[in-house]
Amino acid sequence: MTHLACIAASDGIAIAKAYRFVQPNLTFSQTTVQDVQAEQQRLAAALAKTEQELRPSKQQTLKKFSAEEAAIFEAHLLVVKDSELIGPINQKTADEGVNAEFALHEVSSMFVALFESMDDEYMSARASDIKDVTNRILAHLLGAHIPNPSSISEQVIIVANDLTPSETAQLDRNFVLGFITDIGGRTSHSAIMGRSLEIPAVVGTGVATTTIQDGDILIVDGLSGQVFVNPTADVIVSYQEKAQSYHTQQAEWSTLVNEQTVSKDGVHVELAANIGSPGDLEGVLRHGAEGIGLYRTEFLYMGRENLPSEDEQFTAYQTVLEGMQGKPVVIRTLDLGGDKHLPYLPLQEEMNPFLGHRAIRLCLEQQELFRTPLRALLRASVYGNLKIMFPIIATIQEFRDAKAILLEEQEKLKAAGEEVSADIEIGMMVEIPATAVMADVFAKEVDFFSIGTNDLIQYTMAADRMNEKVSYLYQPYNPAFLRLIQMVIHAAHQEQKWVGMCGEMAGDELAVPLLLGLGLDEFSMSATSILKTRSLLKRLSVKDMQALATEALQVATAEEVMEKVKQAVK
């Protein structure tokens with residue numbers, strides 16, 4: 001038995017076989033071949049295996065999603081059988097006596113460059129199809145395996161170096177019981193998505209992919225941050241009992257599902273949920289959320305080969321707004337860039353992508369990328385209580401420009417006879433220290449603030465939240481950071497505006513008492529944290545927590561703040 005200590009990322013306990021999700025090494029050299037026919041047969045075998053791999057993926061996608069998503073795999077199958085692509089590869093092998101890997105790379109690169117140069121969205125998408133299929137064929141030529149999260153059909157625990165947002169979005173929780181990564185922290189996107197999917201997860205192991213083999217029996221303890229590899233029978237029994245205790249506690253919390261969140265001294269605050277897709281609605285309602293405080297719209301764009309249409313986005317937003325039955329739904333406009341990239345939307349490589357051309361900066365430059373989802377949102381607004389917010393706002397001019405585009409699209413829709421709600425609140429994320437410092441200015445023009453602590457902490461402390469070497473500086477309880485939160489809440493309340501928080505701090509047991517004392521109006525978190533947080537808030541007095549917050553703002557270190565919270569709520 002091997003024991004790994006790591007970072008608890010998503011609550012729960014899972015016991016299952018390991019499924020290594022490790023990208024293969026697809027490097028190769030150009031070689032000269034003597035037997036051209038044998039080399040062409042190698043290519044034919046790789047093509048056949050690729051086709052065998054794609055057909056089940058198409059069928060599974062058709063069952064789980066829709067014909068539109070399944071059409072991606074149909075396009076890939078057409079590439080595999082395209083004589084205009086395969087013919088030149090075989091011809092190059094015959095004419096130049098080169099290996100199939102090299103011929104495949106040279107010919108496919110030529111087609112990719114050709115399609116990417118065309119000023120046509122459909123043809124550009126074909127370039128992505130060729131890249132994807134080429135990698136699959138190359139993997140089979142090299143005897144490697146490209147993992148496909150959507151093809152998993154048995155209960156497993158995924159083991160990966162990291163999981164991108166698009167990969168995590170494809171996980172099916174009926175089969176993926178948990179995951180383990182080498183890198184990342186509690187606020188990394190893989191961790192956030194783990195909580196959204198309600199599956200146990202641990203991150204930052206450092207050695208999972210080098211220690212764990214396919215088929216190993218694993219225990220993932222997402223409560224305390226531990227992994228057991230091939231555990232003994234006694235350890236398995238112990239963790240089965242621990243899992244049962246956890247489920248019992250969840251059942252106790254479930255009695256609070258239909259209750260409002262009211263403090264011990266009668267003050268109501270709102271507990272909302274963070275979501276990434278309409279599929280998350282079931283969990284949101286099951287856990288008794290009083291609204292949605294963050295809908296990450298960029299996940300509509302992931303795990304696919306082209307931009308979602310306006311109608312497709314409209315349907316997603318309509319589904320969520322109707323599903324929440326009049327409860328507030330805060331939808332964030334596109335936050336692409338940083339660590340969220342799309343294969344069909346190439347972005348310039350940057351030295352510091354988190355400080356670069358992302359989110360509202362990208363949208364204000366590529367306005368059609370911005371206007372399409374805005375139109376979809378405005379059309380859907382009549383189906384519920386919609387609030388719209390813009391991410392990564394740094395200056396008041398950015399907010400004004402974004403709002404002007406939104407209002408322009410609203411007027412166009414009205415002129416075309418479309419019905420649009422007259423009561424849409426327009427707010428912004430507070431994720432940049434400059435915004436917090438100028439909150440009094442912003443508060444005069446916004447309808448609300450939502451504090452995005454994940455980015456705001458790393459920008460305040462100059463500490464990359466994905467870098468384990470500086471993780472000690474990622475301090476939600478640092479008095480400097482708490483003072484920024486206080487500034488934002490005070491500025492908003494001076495203008496009778498409300499403040500929410502949609503970062504992971506909003507559901508943190510130690511942070512909740514402080515945030516209640518600082519006057520936070522809305523706590524938005526992973527759905528699985530709502531009932532636990534409601535139980536905690538019902539035991540706290542706002543008056544007592546205000547005194548705690550005042551003390552916390554006067555101390556010098558995060559450690560002192562944490563100690564004061566523990567003493568106050570023990």
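Each residue's number is its place along the chain shown, starting with 1.
Glycine is treated like the rest: Cβ placed from N, Cα and C.
Quick look at what Swiss-Prot annotates:
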- His189: active site, tele-phosphohistidine intermediate (ACT_SITE)
- Arg296, Arg332, Asn454, Asp455, Arg465: phosphoenolpyruvate binding site (BINDING)
- Glu431, Asp455: Mg(2+) binding site (BINDING)
- Cys502: active site, proton donor (ACT_SITE)
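Positions of Swiss-Prot features highlighted on the structure.
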residue: Arg296; record: phosphoenolpyruvate binding site; contacts (Cβ under 8 Å, 6+ apart): Asn274, Ile275, Gly276, Arg332, Asp335
residue: Glu431; record: Mg(2+) binding site; contacts (Cβ under 8 Å, 6+ apart): Pro391, Ile392, Ile393, Ile451, Gly452, Asn454, Asp455, Leu456, Tyr459
residue: Arg465; record: phosphoenolpyruvate binding site; contacts (Cβ under 8 Å, 6+ apart): Gly185, Thr187, Ser188, Asn454, Ile457, Gln458, Ser471, Tyr474
residue: Cys502; record: active site, proton donor; contacts (Cβ under 8 Å, 6+ apart): Ala272, Asn274, Gly293, Leu294, Val330, Met429, Ser450, Ile451, Gly452, Ser524, Met525
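DSSP classifies Arg332 (phosphoenolpyruvate binding site) as strand under the three-state reduction.
In the three-state DSSP scheme, Arg465 (phosphoenolpyruvate binding site) is classed as coil. When secondary structure is read from DSSP and collapsed to three states, Arg296 (phosphoenolpyruvate binding site) falls in the strand class.
Cβ contacts within 10 Å of His189 (active site, tele-phosphohistidine intermediate), excluding its own Cβ and spanning all protein chains shown: 23.
When secondary structure is read from DSSP and collapsed to three states, Asp455 (phosphoenolpyruvate binding site) falls in the helix class. Across the residues the record lists as binding phosphoenolpyruvate (Arg296, Arg332, Asn454, Asp455, Arg465), the two Cα atoms farthest apart are 21 Å from each other.
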